[in-house]
Amino acid sequence: MFPPADANAANGSDQPTEMSSNPFRNATSWSNEEAEGDYKTEYQSTSFVDNEYDGRYQQTDGFRQGSIASEASSFVCEGEGGGGSKIDEFQAAWNVTNAIQGMFIVSLPFAVLHGGYWAIIAMVGIAHICCYTGKVLVQCLYEPDPSTGQMVRVRDSYVSIAKVCFGPKLGARAVSVAQLIELLMTCILYVVVCGDLLAGTYPQGSFDSRSWMLFVGIFLLPMGFLKSLKMVSTLSFWCTMSHIVINAVILGYCLLQIGDWGWSKVRWSIDMENFPISLGVIVFSYTSQIFLPTLEGNMIDRSKFNWMLDWSHIAAAIFKAGFGYICFLTFQNDTQQVITNNLHSQGFKGMVNFFLVIKAILSYPLPYYAACELLERNFFRGSPKTKFPTIWNLDGELKVWGLGFRVGVIVSTILMAIFIPHFSILMGFIGSFTGTMLSFIWPCYFHIKIKGHLLDQKEMARDYVIIGLGVLFGVIGIYDSGNALINAFEIGLPF
């Protein structure tokens, strides 16, 4: 999931940071307690040598050289991004909250349909795990200064950590591929959810969900001209605020139906064929690790990072579990993949779905813009850095073929959405694939690789358990969601 661009200032320059202002608190706690123990001579085996310190981060002052980067883009890698404005812990919490409580929560009641109480437990448990992995990931950004022993931020991004653990080439490529898949799949999901919402609003109309996706694509094509997300930032902020209101309206509607709630419908048994897909949906809804290093580096007081991460995940866990539970109690076994399609009043459902479609269209530019920048960074920077020339003219305008490339990315996401028009199954597949890697497996592996000589057996065991869960959720989720997609095509589309 991805935060709105308005509060996501990109990483500025980071001068050596003392231990008193870094986030090295106890990553295992959901409270802002001081880390036990000290960091003394044990750190001597890991220092600034062996090319671990990426000096370019401070040399470039956090800017991507020669880039038309968005000042508000939060999808950055390796010290890339816009201006150096700082944010406080509340603004950071707003970013994380929007990243993990976006519009995809409309599918969480569908997870309760297949997982019962275990799905609700998973919403809380996965929040705790993702909070922990976010903390240990940020810990991997820091190393002790050999001369003073003070903790200094020597890495700046998920990619820079991966380079240390996987090697310079493989690390960058592995994270870039995972990030690109997640970004493009998120774009596809926005198109799919628009088709589902509009088809649910006009079930008797001549347009099916695929036709609605093509219709929505007309409004997405102009985004190929985007050079900056500055204008989208304000729209995204108010769109997020409207989504909060819509969630409140949906919950209010469900609470008014309390007399008809099906308390006995929530079960302890698990639908093993579909529950792994629901787990993937839940994991996907908590994915925020990819931008946490940038966010932490941009905080005024980094010592409050853990406190911020704790409370944003606690709030998300409470809201998601409550939203999924209450909505399922209201609609019970009739719960659909997108919960708003369960609303009985056609006018009320149409109004809610209309605003959600607008929210999805205005949310699309964020992952789309990030995906384009990622592709440009890897393929279109000109010789000798890349094989292909830059898509930008010297005056900062897009070349004609560059515009064609950007529009082609949009068209490809629309076509993929039409070919895979199954919202929850697709989201479960993405969560099981990239979500488990980015949020479960890799952060803990990085923690063991970089900080393993400082960890006790309990901490090592915790990391290995999370890696094991990530592998388990990923393998089973990919297998089940893949089969579900195949079966969905064999059965035919639901229109």
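Each residue, glycine too, has its Cβ placed from N, Cα and C.
What TrEMBL lists as region 'Disordered' is 1-41.
Among the features that TrEMBL reports, compositional bias 'Polar residues' is placed at 10-32.
Positions annotated as domain 'Amino acid transporter transmembrane' by TrEMBL: 90-479.
Proximity of distant same-chain residues to the transmembrane segment (180-200), defined by a Cβ-Cβ separation under 8 Å and at least 6 residues beyond the stretch ends, is recorded for 1-2, 75, 103-104, 106, 207-210, 212-213, 215-217, 220, 287, 290, 336-338, 340-341, 349, 353, 356-357, 360-361, 363-364, 367-368, 370-371, 374-375, 409, 412-414, 416-417, 420-423, 426-427, 430, 433-435, 438, 495. According to TrEMBL, the transmembrane segment annotation covers 180-200 (among others).
What TrEMBL lists as transmembrane segment is 212-232 (among others).
Here TrEMBL flags 244-263 (among others) as transmembrane segment.
Annotated transmembrane segment per TrEMBL: 307-331 (among others), in sequence order.
The transmembrane segment feature in TrEMBL is assigned to 351-371 (among others).
What TrEMBL records for 400-420 (among others) is transmembrane segment.
The transmembrane segment annotation in TrEMBL covers 460-479 (among others). If one looks beyond the transmembrane segment (460-479) by at least 6 residues along the same chain, the residues whose Cβ comes under 8 Å of a Cβ in the stretch are 28, 129, 132-133, 136, 276-277, 279-280, 283, 428-429, 431-433, 436-437, 439-441, 444-445, 447-448, 452.
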For the transmembrane segment (307-331), sequence-distant contacts whose Cβ falls under 8 Å of one of its Cβ atoms, 6 or more beyond its ends: 29-32, 89-90, 92-93, 96-97, 100-101, 105, 108-109, 111-113, 119-120, 123-124, 127-128, 130-131, 134-135, 247, 250-251, 253-255, 257, 260-263, 265-266, 282, 285-286, 292, 299, 339, 342
